Amino acid sequence: MAPGLDLIWMVISFLLLIHLSSQQETGFSFNGFRQGDLHVDGVAQILPGGLLRLTDTSEQKKGHAFFRQPLVFNSSEPLSFSTHFVCAMVRKPGVTGGNGIAFFLSPSMDLTNADATQYLGLFNTTTNRSPSSHIFAIELDTVQSAEFDDIDNNHVGIDVNSLTSVESAPASYFSDKKGLNKSISLLSGDSIQVWVDFDGTVLNVSLAPLGIRKPSQSLISRSMNLSEVIQDRMFVGFSAATGQLANNHYILGWSFSRSKASLQSLDISKLPQVPHPKMKTSLLLILLLIVLGIILLVLLVGAYLYRRNKYAEVREEWEKEYGPHRYSYKSLYKATKGFHKDGFLGKGGFGEVYKGTLPQEDIAVKRFSHHGERGMKQFVAEIASMGCLDHRNLVPLFGYCRRKGEFLLVSKYMPNGSLDQFLFHNREPSLTWSKRLGILKGIASALKYLHTEATQVVLHRDIKASNVMLDTDFTGKLGDFGMARFHDHGANPTTTGAVGTVGYMGPELTSMGASTKTDVYAFGALILEVTCGRRPVEPNLPIEKQLLVKWVCDCWKRKDLISARDPKLSGELIPQIEMVLKLGLLCTNLVPESRPDMVKVVQYLDRQVSLPDFSPDSPGIGIVTPVLVGGSSTVISNISSPVTEFITHSIQYGIGR
């Protein structure tokens, strides 16, 4: 070759080397790919707007895009590179999404033997995990493959000759503004920025939404030696694949450099727009109407079920004969304003009591729970029978309502509440002797009616001050028939079990059962309670004063019976008060046969006849004995104290409460 030609060839070769060196040093930057020097294969293509689409929504497909010129890694120079790209994964409507995208370096642009699906178009079953592959990749994976030990279906991973990542992390970015990591959904369809920096020893990977600066903290930072993976001549590019589920994989822009310092920034404003598939308007409208219809139907069914359950009741065939005495739960719920606390009147062993208002009058609604069906028919029959009782000194019981697990009893509302509120809770006005005597006469008249004048004999079995209600005129009315039992006149009652309240219970209850004389005993205790202003049992007082019956008798023995009266009654009619105290002792005689019946009691209170001649030392007067349970020797009493304990039963529909 002529010397002149040699010189020309040397100059051309030198200039070419300078060009290649400059190209390798400075790298490239594409804000869209209209003029991008890319090689694409598979289903990958550059769209007219400059958007690189690696895959469309076809199934079982793969697509690659390479920078045409290979990267030359000189062993004498540090093995380093940096890249910044923007990608987006857009799902097909109604599809959960396909596989992901990988940024990678490969010794060849020929990946025709690579598989789609979970292999991301980089490997196949043979080349995966093969050191001879010499493929380094950063995967943005949206499918969790157990085969590759993926951590989840939305992660970033570092892959070296295998899709089993050497390190991975859930897709997220560090928010410098808030100082914490925020998750990113790779399949959201939004554009995502990715930075990959390798300085020869440490690999850093960062993510961020479009429009946010590169985070100060990397998502993944790992010390790595890539000298055995990256060969002298490598191609750089992107790969994506679809399986049975498919979506569009897009690259909007890409900047690459062998040096982090010389990496050019992408111009976000020049990036192409990502198309999002739109449903047809008619189909969207139809689906919207269907969804709205389903929501409306669910709301209507829910409202119906709520309303039905809210007012649901339990009704059985045998209850038809008691229909006039039954209230609907809905009417009681509305009458009490949903059992609002403002109408709460009190709470006792039977349950809670609320004031209610019906169109005709005010009512009191007592609600309490029940379990089981034993004796239910008898219980409701007795409620209906009590609704037929008619006496001015009985609280009128209007009827009932029955729900699953709950009873409601409806009675007339008593404005002044119960007698015990005035005796023991300083409720005003203070009860004068004339009012107290009038209350006792009224209750005595009511018991006389129950025992002798009603269609059946009615045993109340729970006479006490808290069950005596007062109307606006302080007329006493006996209420709370939850323990009441009925039997025909002349028949022997068959009640069993000692039920009631300590101090009001006749000592013969457990051995002989309830009778009219046990009601008389309880009324005698009530007489002493009203006259003395003390409860029948006061365990906190000195032992000689704890039992009211015994203490009143002791006062009489000391010839100071009047000292037992309520101190609030000083100056009242002493002879009349003493007579009433003696009547209380007579009614609480230990021997049932020695107690008067209620006919006599009414006559004594009305002073139609005089009390029989007896003294505090007469048999059975002022004597209190413990109550035996079931006729056994088990005494419901503490031996060191004369105070008998309270015995109570919940309602068991026919066997007591």
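The backbone N, Cα and C atoms fix where each Cβ goes, and this holds for glycine too.
Copied over from Swiss-Prot, here are the features:
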- 1-23: signal peptide (SIGNAL)
- 24-282: topological domain 'Extracellular' (TOPO_DOM)
- 25-257: region 'Legume-lectin like' (REGION)
- Asn74: N-linked glycosylation site (CARBOHYD)
- Asn124: N-linked glycosylation site (CARBOHYD)
- Asn181: N-linked glycosylation site (CARBOHYD)
- Asn204: N-linked glycosylation site (CARBOHYD)
- Asn225: N-linked glycosylation site (CARBOHYD)
- 283-303: transmembrane segment (TRANSMEM)
- 304-657: topological domain 'Cytoplasmic' (TOPO_DOM)
- Asp462: active site, proton acceptor (ACT_SITE)
Fewest other C-beta atoms within 10 angstroms, as judged across Asn204, Asn225, which are the glycosylation sites: Asn225
Nearest recorded site to Asn204 (N-linked glycosylation site) by CA-CA distance, among recorded positions Asn74, Asn124, Asn181, Asp462: Asn181
Sparsest-packed among the glycosylation sites, when each Cβ's other Cβ atoms within 10 Å are tallied, from Asn74, Asn124, Asn181: Asn74
Residues from the same chain, set at least six apart from the ends of the transmembrane segment (283-303), whose C-beta lies under 8 A from its own: none
Nearest-integer angstrom distance between the alpha carbons (Cα) of Asn181 (N-linked glycosylation site) and Asn74 (N-linked glycosylation site): 38
Closest of Asn74, Asn225, Asp462 to Asn124 (N-linked glycosylation site), Cα positions, recorded positions only: Asn225
Conformational class of Asn181 (N-linked glycosylation site) under the three-state DSSP mapping: strand
Mapped DSSP class for Asn74 (N-linked glycosylation site), helix or strand or coil: coil
Cα-to-Cα gap, Asn74 (N-linked glycosylation site) vs Asn225 (N-linked glycosylation site), nearest whole Å: 15
The residue listed as 'active site, proton acceptor', number of other Cβ atoms within 10 Å: 25
